[in-house]
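Positions annotated as topological domain 'Lumenal' by Swiss-Prot: 21-1430. According to Swiss-Prot, the feature N-linked glycosylation site maps to 121, 156, 457, 505, 1044, 1289, 1339, an assignment based on sequence analysis. The repeat 'BNR 3' feature in Swiss-Prot is assigned to 439-448. Feature annotation from Swiss-Prot assigns repeat 'BNR 5' to 556-566. Here Swiss-Prot flags 1178-1188 as repeat 'BNR 9'.
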């Protein structure tokens, strides 16, 4: 009976309790607000701050009621001090030098000010500051301030706004846009009562060159847990000075110079000292962590995108460089984190540093690409911080956002998250994406997918959740996710998928109770979530109120750890902006929901409420849940992190409430506690690979020879091997008994070799399973990115010069071609076999996919617009079921959105050119010139349009029949058929006027069957006309035009070419006027066909082709022996080089545009050029004047660091060794870079030859090419410092100016030039602005060499310039259009100055006519030429009147009254004349004297004329033996130089200038002998050593009839 009554009573009590729990609702209090605000709760209290507009409010009851803080009404933003979250807060005032501070949870506030004299530079200044507290001494404050100077006309408010924006923007980018702003750091030791500026000065250069400076400081003690033994007063700082020019976002290379220093103070900033180990390094960033100090240095002072090094100090005193698996260039400074054992996680930015800024006027270029977004890689270090590795599964080349998240109470647990957009187009992001998420519970050693364990909802998923490898949860993003202060209870938004596709619409809310290992569905929509009572109370608010099919807003709450949910309807419709727990430690029961009021307009659309009450604050209180019952031990369960496995040598146990317990923990303000159970025995998880080892694909630690080399371990090796432990214990792991790690024997044969002391050269090796078809670098300074395509039609990308190589994801589509944009060097296009077009605008960092028109790919090269990045032309075959189909024809398609869409532009178009974008002065900037193929007869015609061929009215036929056309420099050259199997060339500079290329008269009998355009770098066209086309006997005439391409002169008559039209012709890059050619000596034998072996000889010119000579040979060979032909003269003993026609890769030029004066070539010394395998390798460092032999045998070469590093590999043979030189070729060192010999194929580096990394490509010899091995050889550590580049202080830098002209004081292009060259060999050049390294020492006086025939004029036989028949002179008024400041022009004389000439004064042939006023500039013309009345009177009228009066007086008194002029011839000196006074006598004496002088001069001239005439006649008769009339011819060498400065010696008819020289007073006649002044070479070279030289490749574009 008693038992039954007890049971009944108990059941009633339980029933009532359950009923009460079911009826529970939280206490919700709503307050309204008129503006935007943010909420900041103090820890362990009910006090909350609200920053609303400019006011600060406070609540003492978890947000139920609010009151304004009196006296504070100018707040810009506020924050709780993270080091003292229970008491301290700051509020930044709109008045920049004022900050409000509280140390008692807002009860009282003090005003902190920085005295203006501390930060003002004498001008008006405003500043905005952020205060940082000392971790252990709250009275110590650092103020990081951004100071902006302004003048009286500027408003303080705008200045403050700029300073404030700098706090939230990257400061460097901000200050680049506004150099009037700077940052400063101040310190206070008395809680902000006064501040002192930290003064750290760097005086490396003149302050006038200082662009701006930055200062960043941090307390040495990072937190109360810091292991730093420095004193509390220690502060680290880095000061950076930027000199030079302001950053320009349109250019990737910044013309700035960085000077920085890393210092510390141990007395609150009174004195500073440099950290000696980092002295001389460019410190870019630093951060003090609890267990280590991290410093990042920049390698190149002239390139803010240069490689960086990471330095780690565990004792905060000595530093060790950390090994990075890739070049470190872009990082997210400030987001580097440290875990409990000292591992560092480092996100690396892959941003687009080349993006256009808003000032770019080209709308096409301003379209935003996805590549402007951040794409990151994640690196993680070992526990010692000295070796970083990639998280391999996160590597991808799609548009990817990567993130690693860890949480304080989940020891050893990491979440990895990526969002990829593989099909993202240029028009904006797509909602289609690939999500991938993984979890690791062992510090990242192993990773697994996020399992879905949710059998009751299994049917709601699109994949089989029982197979987590292909169906798992992928988190949308963990940015903004709360720091789960719970024992393993978590909620996220994500989508369940196979990892290949996801959509925002599929995103739902999921919950986990085991630390993120397994998950189940919570809501079928996205929510914002918050936790209370350490996870026992959960609140979730839908982002979209209609997501639950209910238009009214609501929140959901769970009191059983997410097992069940209860809905709470809100009275107002809101957009949730903020949901937080009022207790930051997660222990409380009250939440704040901040939402914007919204009005429904039907459906799922919402708009802002127009009323002022737009903001609501909801206080949600769960204090009464479960009738305030607190949990007891029986309500708890034990839960272990990572399933109870040892993490860092310990197990971590939480005593958490069971999900079904009807109670709350109610330990308000108690931090979440766990029990640490030390593991007895250590396991593999307590060890990591030793420094010299890395994990292979199976997880085994294997030796890495690069790391082995860096460690120096092999210094102790015996017999070439060393015994090492492959694993080491993780720092700070807590396990007690160590594992036994067996030593392994590691070979050291390739480490610490004599040729690689101190491990200064590092090598990385990668293998491909097939041969490489093509490989090419992007030509940028941002990084060393290149694309490689294999024989299997797969594309790979590397961003660090081949050290790390990743496959480009094309969804298994084969790639048939890679095309680079020649005008935008970071752009490339991959053409897929199935019509896919993969586009990168950021050097292969990311690719987007587009679709080509549904046509057959013809393989015709794309045509790009020179100024519009997204505009190009693609050629596709239409109606091409078969390439042999009669209907198959080409169509030119155009895109203006970067390949996103294409439109048909021109039917039968096979070759187009955006000519209007390439001409210097186009007649229409929108002009396109296209070649059309008539499939019916195979003929081609040339047409142009100015509106993409949209209308016939703007389409013009230029030539009815052409063979082809090409562009070179500023010219466009068209080849037309002429007669039988001949052609003619026409050139244009503007796309409208075409002029026929007039060849020298002696070529009139030669058929023009084939010519090759060789380039126009010097303003004239170099052209090769084939004069012999016998098989294996091809050669021809080398010609050069004037600057408008209308007339040519001959340079050399038998220059070698091959059957493909390539010519042995190479201009030396970077130097003016130096060209190398090979000529055929046995032309008669070759033309007759009696031999197929051409005897080639090499020649060089130093004046752009005017004079040629054989190349001087070295005195001795590389073995110190004399050549057998020595002493026989240059004709029998000169240097001969293998040229352009024999190259496997036309990019392998003799020279480099950045290594001035250096050339390397393969050749021989003798009478003729020998086969390559009988040759040696030579180099020169003075532009080709003198040469040295480097080694016997042929080698391939490459230049690095602008010639500071030279590398050679054997050409075409097996080897494992390279040669390198760092002293301009004076000494060479052998270095073994491979473990075994491989077939050498190529050596390459960046196009600018500025890097210190080289890529060597080797290949096996199987049928399909077998495997390919690429070696990335890094010389970056070979130099101890960067060269000092300071042209203003020549005595203190590492450069000097040198001349490469072998004839001193000789002028070319009107000047004498010098080039900058590095002096010392212990430094590297890097990105120093060597474009300024060319200087003109002297501008020469103008001579005939500096003029050429004007547009539509040609050089006649008499040497003068005459108008081409049928053409008219160019409109002289064009100068008025091209130069808005011009007010006058001259009529054309037929001559104009050569564009490259800088001559001054001297001969003037182009402006001898009288000036005429420009249209609309008559008044300005008159103003500059007229003389005013007074000046005219003084200068002309008055003197004229005086002279007239004197003349009349003399005539009247001395001539008229003595008989007049009729007696003039009769008067004798003694005759009587009228003399009445002294005046008459004086006048008569003047008349007598004038008469005597006139008579004497006239008589003398007659006698001399008669004598000279007779003498000359007699001499002529004696010499010629005949009599006849004689003619006087004006002759001078100066005038006989060619119309394009090359006539002398090339046109024997151009020697009569009589018709031209109608007024010889117009010219200076130079009578000096012009001789062969450009042939300075001696028969024997001197004994002194010489080094290398480099040059430019020619266009070598051929047109044949």
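Backbone N, Cα and C atoms are what each Cβ position is placed from, and that goes for glycine too.
Positions of the features from Swiss-Prot, shown on the structure.
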residue : record                      : Cβ neighbours (10 Å)
457     : N-linked glycosylation site : 14
505     : N-linked glycosylation site : 7
1044    : N-linked glycosylation site : 28
1289    : N-linked glycosylation site : 10
1339    : N-linked glycosylation site : 15
Subject >> Secondary structure content of the repeat 'BNR 9' (1178-1188), with strand meaning DSSP E or B >> reply: 0 helix, 4 strand, 7 coil
Original post:
What kind of secondary structure is residue 505 (N-linked glycosylation site) part of, going by DSSP in three states?
Top reply: helix
**OP:** Please give the sequence-distant neighbours of the repeat 'BNR 3' (439-448): residues at least 6 beyond its ends with Cβ less than 8 Å from one of its Cβ atoms.
**Re:** 339, 341, 343, 380, 391, 393, 412-416, 468, 515-517, 641-643, 645, 647-648, 685, 699
Original post:
Looking at the glycosylation sites 457, 1044, 1289, 1339, which has the shortest Cα distance to residue 505 (N-linked glycosylation site)?
Top reply: 457
**OP:** Find the average pLDDT over the repeat 'BNR 3' (439-448) in the predicted model and report it.
**Re:** 91
Original post:
Expressed to the nearest Å, what is the distance separating residue 1289 (N-linked glycosylation site) and residue 1339 (N-linked glycosylation site) at their Cα atoms?
Top reply: 24
**OP:** List the helix, strand and coil residue totals of the repeat 'BNR 5' (556-566) as derived from DSSP.
**Re:** 0 helix, 4 strand, 7 coil
**OP:** Could you state the whole-number distance in Å separating the C-alpha atoms of residue 1339 (N-linked glycosylation site) and residue 457 (N-linked glycosylation site)?
**Re:** 86
Original post:
C-alpha of residue 1044 (N-linked glycosylation site) to C-alpha of residue 457 (N-linked glycosylation site): distance in Å?
Top reply: 78
**OP:** May I ask you to report the DSSP-based helix, strand or coil state of residue 457 (N-linked glycosylation site)?
**Re:** helix
Subject >> Counts of helix, strand and coil residues, the repeat 'BNR 3' (439-448), according to DSSP >> reply: 0 helix, 3 strand, 7 coil
